[in-house]
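Annotated features in TrEMBL:
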| type | residues | note |
| --- | --- | --- |
| TRANSMEM | 76-97 | transmembrane segment |
| TRANSMEM | 109-131 | transmembrane segment |
| TRANSMEM | 204-223 | transmembrane segment |
| TRANSMEM | 230-249 | transmembrane segment |
| TRANSMEM | 269-290 | transmembrane segment |
| TRANSMEM | 302-328 | transmembrane segment |
| TRANSMEM | 348-376 | transmembrane segment |
| TRANSMEM | 397-416 | transmembrane segment |
| TRANSMEM | 428-448 | transmembrane segment |
| TRANSMEM | 460-478 | transmembrane segment |
| TRANSMEM | 484-505 | transmembrane segment |
| DOMAIN | 514-564 | domain 'Cationic amino acid transporter C-terminal' |
| TRANSMEM | 545-565 | transmembrane segment |
| REGION | 589-616 | region 'Disordered' |
| COMPBIAS | 589-599 | compositional bias 'Basic and acidic residues' |
Amino acid sequence: MGVDQAEEGVVLRRRGCSCTKDDFLPEESFQSWGNYVKALKETPFRLADRVLSRSMDSTELVDMKARSQNEMKKTLNWWDLMWFGMGAVIGAGIFVLTGQEANEDAGPAVLLSYVVSGVSAMLSVFCYTEFAVEIPVAGGSFAYLRVELGDFVAFIAAGNILLEYVIGGAAVARSWTSYFATLCNHDADDFRIKAHGLSENYSHLDPIAVGVLAVVCVIAVLSTKGSSRLNYVASIVHIVVILFIIIAGLANANTANYTPFTPYGPRGIFKASAVLFFAYVGFDAVSTMAEETKNPGRDIPIGLVGSMVVTTILYCLLALTLCLMQPYGQIDKNAPFSLAFEAVGMSWAKYVVAAGALKGMTSVLLVGAVGQARYLTHIARTHMMPPWLAQVNEKTGTPVNATVVMLAATAVFALFSDLDILSKLLSISTLFIFMLVALALIVRRYYVSGVTTKVNRIKLIAFLVFILGSSIATSIYWAKSEGWVGFVITLPVWFLATFGLWYFIPQARNPKIWGVPLVPWLPSASIAINMFLLGSIDRHSFERFAFWTGVILVYYFFFGLHASYDTAKEYEKKGLELDGTQLKKFEEGNESSLVKDSESGGYGGDSGKGSAVLGK
């Protein structure tokens, strides 16, 4: 079925499914068992090649996009992106986890937890924004990391990016069921099926969550602009409901409920911050829409930063309102706002809250579906994932295959998994990726092959080691100790390393359109705070994270490595054949492969092989 047959020069396609093996494994290493065995024997050499390889800006902007057969339609402006940003973020996190963390970890100080998480998210937003403006492609952080930290690091991040979106969508879909149950005057488990043969955390099957994801999938594949308009309308309704909650809630405030303010101490505040970071997840989906943005240089900074500022303010006001309405110990963990209104005698208001929460979570699911499909599309363009997933539908201008596959995986997680497990695992994945993007931004500014001297390269490596080492040490000390002596050592080391980077090494590249302010201080602070928050997450979540990382590494060593290696060499060969020189090495290269940046008069966004690992 679906095999092409050549007859007298005419290609005929059989009816039925058009997918063949070559849609999934077209590379030379998979053409025969002999080729595959040979590829496996070369795994150490190929791995070294991929670890040492960096992509180029031009590769991501031109060559990678060409592998999707059709281009995505440029239909979005800053207004669309701003509403996409709010629609992506304001959902299950604020409406569910606020009650859970106020009750268990932070008390009324959950307000400060949102401030800490918001600062961390805002630092990451700035880092993402510069990359999205300079490299406006659907790959988001995967593409940025390929350019600055190399193929292998990008793949590790890619696996966790996909996990982030699948888990995030599953968590929101299950929360959708909880608020729908509230709207129907039922308990959430009334709409779930108990599977007695499974463990407790995975035994409450949620068919409604699966149904919601199926509807979202249909909308997402039809049109990006249509998804934007639907999100726009839903987000307006959502904002109106949020304003109602704040105004009506503060009208029923009791300041006595804010005493004691920090019942669980500073540790509880930061522990809640690590979990509540889940509430800010989603803004990175906006960066994946850069390829469909009319004017990335103007629209992306306004859309990303603007939506995050509004979101942070609303989150803090909502947390303040909730804890003023009810004592923290009485706040419900599953539907806190709805039941808080019921507790103050406004039972009818819980229906308004539930309806608004459903609108918000629907927006989060829709924007997540759009964003996650674009991540997977760009990953598949490199052949680290099957290239079938990179195809863009000619009629809709959307990546239909990637959208369906990602939402199918999300539906499986949503059917089985508990929200608490999902939210903590998601926070680890997200904080890890945001830390890598901040690191990549420092590398982008301070290292350009052929421009940065060998001495400055060595200094850069040393300062980055101290920044990462001190941040990790701070996180571990926070997780293991109740004291403060360790911070007297680790924090000055971080400060001096960042100062040394700022004072002793000149920047090798200036952004052409829009750049992050206060480099290296801002991205270095992003690294430190993301690592610090990781120290507040429980051991079992890290075990699940390690297990998933192990799974994606097994896939990479047996499939992704060889597919991406073959593809890189094929496109490199094509590049050499085009101009007969060493000037266009598509996937990697050496210092002679730099492309002269006519705008800046220096060597711009195309750095070569040796620059992936700064020590080469």
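Yeah, the Cβs are placed from backbone N, Cα and C, and that goes for glycine too.
In TrEMBL, annotation is done automatically, which means it is predicted and not curated.
Residues of the same chain lying 6 or more positions beyond the ends of the transmembrane segment (545-565) and with a Cβ under 8 Å from any Cβ of it are 25, 27, 29-30, 36, 39-40, 43, 46-47, 49-50, 151, 155-156, 159-160, 163, 382-385, 425, 428-429, 432. Across 76-97, 230-249, 428-448, 460-478, 484-505, the stretch most heavily in contact with the transmembrane segment (269-290), judged by Cβ pairs under 8 Å, is 76-97. Take the transmembrane segment (348-376) and the stretches 76-97, 204-223, 460-478: counting Cβ pairs under 8 Å, 76-97 has the most. Taking every listed stretch (76-97, 204-223, 428-448, 460-478, 484-505) in turn, the largest tally of C-beta pairs under 8 A with the transmembrane segment (230-249) is reached by 76-97. Looking at 204-223, 302-328, 428-448, 484-505, the range that has the most CB pairs within less than 8 A of the transmembrane segment (109-131) turns out to be 302-328.
Taking pairs at least six residues apart, the transmembrane segment (428-448) and the transmembrane segment (460-478) share three or more Cβ pairs below 8 Å and count as touching.
Stretch with the most C-beta contacts under 8 angstroms to the transmembrane segment (76-97), considering only 204-223, 302-328, 460-478: 302-328.
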